Amino acid sequence: MSNSIFDELNAMGDNGEVGNTYESILNWLGKKGYNLDELGLIITEQKDQLIIAGAGSGKTTSIIFKLNADIKTGNAVHEVRHKDMTTQVADKIWVSTFLKSGAEDLQRTFMKQKNEMGISVGVETVKFSTLHAEFLHCLKELKVPVHIMDMKSTMGMIRDVAKNFGLGSRPGYPTNEEVSSIVSYISAARNRLNPDEFYHPDMEDVGLTRENIKYVIANYAQMRKDYKCMDFEDLQELLYKFACNPETRNPHVTNFISNRYDRIIIDEFQDVSEIQYEIFKVYAKGCKQVTVIGDDDQSIYSWRGSNIDIITKRFPADFKPVINKLSRNYRCPSNVLNPIINSITMNENRYEKPLKASREGGTLNCYSYGSTIEMARSIQEQIMEDVNNGMTVAILGRTNPSLLPLSVFLDFQDKFNYAIRGTLYDLKRPKFRKYWQLAYLFMNNYEKMHENLKVIAKDLSNYQLKNFVNALKIQGQTIFNFPMNSLRNISEDLASFVIHINSTADDEVEKLKATFEFVKYRALDANDEYTEETVSIIELLEMIIECGDVKTMDDFIYEINYRNTRLHSRADSRDTTIQLTTVHDFKGKEADSVYIWKDTNKLFPSSRSADTEFEEERRIHYIAGTRAKEKSTILTIRGSESPFIAEMGIVPVAYFGEGASGSIRQNANQIMDDEIAEFIYGTDQSVQSGGVDFEKILEEKKESQTKLEEEQLQKQREEEENNKKTNSAPALDFSSMFGNKPQ
C-alpha cells in the first residue's frame with residue numbers, strides 16, 4: 001500500500017503537475033499547448049540523435065525540454081555518495097552552441113524551465129558554453145599553459161604580418177577593418193583540416209591569395225610562438241594534434257577528453273567546422289548519448305570553415321543516429337513561408353522535410369523598381385507605415401556595401417530612428433575613398449590625380465600613369481584640356497572618359513555625376529565579381545549628391561565626412577525597432593516586417609560566389625525569406641531580378657513614382673504607352689544604369705567628338721593653306737614617355 005502511494009506521488013512530481021515519466025511530461029506539455037507530433041519523439045529518444053530543425057521551429061525550446069525531461073525522469077541522473085549521504089545529481093552534460101550569448105540564453109531558459117518542472121536534483125554538472133570555451137577549459141585541466149591573446153594584441157600581430165607580406169589595399173599598411181578581415185580569413189583557413197585549400201574571392205581585396213595564405217599563416221604562428229601566446233584556433237589545433245591526428249595523438253589526452261561528459265548536446269550543428277567535428281568525435285566516444293541539432297537549410301558559413309557535409313553525410317555515417325525533424329514553423333505565416341519553400345527545396349544536398357507554417361495568413365510583397373533611389377523612396381514610406389502600425393522592422397542586405405545607399409538616404413530624410421547592425425564600412429576606407437576622391441579631378445589636385453586616374457585608365461600601368469601625371473603637371477594641364485589625338489595615343493580609356501565629361505554641362509557637380517555614371521557603367525560592362533560592390537559604392541555617392549546640398553566639390557567632400565560620422569552613430573544605436581543589417585548578421589533573429597533589400601542577380605546569388613556555392617547562396621536567400629513574423633517584402637531592380645524570386649513562383653509587380661505618391665501596377669501594358677514602357681523596361685544594362693543606354697550615348701559622343709576634330713583639323717589646314725604655311729605643327733604626342741602600352 002505504501003509503495004503504491006509513493007509511486008503515485010513520485011509520478012505526480014514535486015510541483016503537483018509534472019511527473020517523473022516521459023508520459024507524464026508529454027501530457028503536461030500537451031496541456032500547455034505544445035504540438036507533440038515531432039517534439040514528443042525528440043524528448044523521449046535515448047539513442048544518438050540528429051534533430052533537423054527548420055527555420056522558426058522552436059529548436060531552443062526542444063533542446064531544453066529534452067534536457068530537463070532526461071533529468072526529471074532520472075535517465076540523465078546518477079547518485080553521488082558523500083560520507084553517509086547519497087544525493088542525486090545530473091550527469092555530466094555539455095550543451096554547446098555557436099555564440100557565447102546563445103549559450104547564456106540557453107542556460108537561463110534551462111534554469112527557468114527546470115524550476116517550472118519541479119526538478120530538485122543538482123544541476124551544477126550541466127555546462128553551457130561555446131566550443132572554444134570548452135576547449136579552453138579542457139586544456140587548462142590538462143595543465144597546458146594557455147595564454148589567450150586579447151583582440152588588441154591579435155590586431156597588432158596581424159599588422160606586423162601584413163607588413164611582412166604587403167597586405168592591405170595600401171600594401172603593408174592595412175586599415176583596422178582590413179586587419180579584421182585578414183584575421184577572419186586566417187581563422188577560416190585554420191578551421192579546415194587542410195588550410196591550404198581555403199580560398200575566398202574577397203580575401204584578395206586585402207592581398208591574400210591561394211599562393212601566399214599558407215605562408216601568412218606560418219608567419220603568424222611563428223609570431224605567437226615567439227610571444228608565447230595563443231588564439232582560439234590554437235586551442236583547436238592543439239586538441240586535434242594530441243587527440244585526433246593518428247600520427248601525433250596521445251592516448252592520455254584522448255582518454256581524458258572522451259571521458260569528460262556523459263551526454264553532449266550541440267546546437268547550430270550545421271556551423272561546425274571540419275577540425276571541430278574531428279575533436280567532437282573524440283568527446284563523443286565515452287558518452288551515453290549524443291544529440292546534435294541544426295538546419296542544413298541554414299548552413300551559410302563555408303567561408304568561415306563550416307562544411308554542410310558534416311550534418312548531411314559525415315555525422316549520419318559516423319554515428320548512425322536516429323534522425324528526427326522539427327518541420328513546423330512558428331514564426332512565419334503560410335503566405336510568407338510557402339513561396340520560399342519552393343526555392344529551398346531545389347537544393348540537392350539537404351534533408352527532405354515537410355516544412356509547414358503553424359498558422360495561415362501573413363503578407364508577401366515583391367516590387368520591382370527602375371533605380372535604387374526609387375527603391376529607397378518607396379521603402380521609406382513602407383517603413384513609416386509599419387512603424388505607425390506598431391511593427392518592428394528589419395531591412396536585410398546581402399552585403400554591407402549594398403545597404404549603404406539606403407543608409408545614407410534614410411539619414412538624409414531623417415524621418416525615423418534606425419540602427420545599423422553588423423560591420424559598418426568606414427567611408428574613409430580605401431575601397432570607398434578611391435571613388436569619392438574622384439572629386440579632386442575637378443579641383444586640379446595633382447597629388448591625388450595619379451590615384452584618380454587609376455580608377456579610369458585600366459589600359460595603363462602604374463608607371464605609365466605616374467609619367468602622364470608628371471607631364472600634365474609640368475605643362476600645367478588637366479586631362480580635360482589635353483589634346484585629344486595625343487590622349488588617344490596614350491589611353492583609349494582616358495579618351496573615352498574625357499569625351500564623356502567634356503560633353504556634360506559646364507558645372508563641376510554635373511561633371512562629377514557624369515564621372516560616377518562612367519565608372520558605374522564600366523563596372524556593369526565588366527560584369528565580374530566586383531561589379532555589385534562597385535555599383536553599390538557609386539550609388540552611395542550618387543545618393544549623397546542627390547540628397548545633399550552639393551553645389552561644389554568642397555560641399556561634396558564635406559558631406560562625405562559628415563555622413564560618415566552620422567553612420568557611425570547609427571551603428572552605436574541600441575534601438576531595435578528598425579534595423580539595417582546583413583542576412584548573416586540577422587540569422588536566428590526575427591522582426592514583424594522584413595524587407596529583402598536589392599534582391600538582384602548580382603547579390604542573390606552574390607556575384608563573387610563560385611558555381612559550387614550556388615546552393616549556399618540559395619540558403620542565404622531562404623534565411624532572409626524566413627525572418628518575418630507578419631510581412632515579408634522583396635525589393636528588386638527591373639531587369640536584374642534574383643533567380644531565386646522566380647524559384648519562389650512569384651512575379652515582381654512594377655512600382656512607379658516616388659514615395660507615398662508611387663503606385664503598384666501588376667500589368668504595365670495597361671498603364672503605359674510603348675514609349676514609357678521601353679524606357680522603364682529597356683535592356684538589362686540600360687535598367688541597371690538608371691534607365692540610360694550608356695554605351696549608345698558614349699558611342700554617339702565619340703562620333704560627335706571625332707567629327708568635331710575632323711572639322712577643326714580641316715579648318716586648321718585651310719587656314720594654313722591660306723597663310724601659305726608649308727609645315728604644320730604635329731599634334732602633341734607624349735606616348736613615347738610611356739613605353740609600350742599593355743596589350
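If you go along the chain as it appears here, the first residue is 1 and each next one adds 1.
Positions of Cβ are set from backbone N, Cα and C atoms, glycine also.
TrEMBL annotations: computationally assigned, not manually curated.
Over in TrEMBL, the protein carries these features:
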- A53, G54, A55, G56, S57, G58, K59, T60: ATP binding site (BINDING)
- 702-724: compositional bias 'Basic and acidic residues' (COMPBIAS)
- 32-333: domain 'UvrD-like helicase ATP-binding' (DOMAIN)
- 702-743: region 'Disordered' (REGION)
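Taking every protein chain shown into account, G54, G56, G58 are the binding-site residues, and of these the Cβ with the most other Cβ atoms within 10 Å belongs to G54. Each of S62, D295, L326, N329, Y330 belongs to the same chain as A53, G54, A55, G56, S57, G58, K59, T60, is absent from that list, and has a C-beta within 8 angstroms of the C-beta centroid marking the ATP site. Within 10 Å of the Cβ of K59 (ATP binding site) there are 21 other Cβ atoms, across all protein chains. Here the binding-site residues are S57, T60, and the one whose Cβ sees the fewest other Cβ atoms within 10 Å is T60. Sorting the binding-site residues A53, A55 by the number of other Cβ atoms within 10 Å puts A53 first. Under the DSSP three-state reduction, A55 (ATP binding site) is assigned to coil, being neither helix nor strand. Under the three-state DSSP scheme, T60 (ATP binding site) falls in the helix class.
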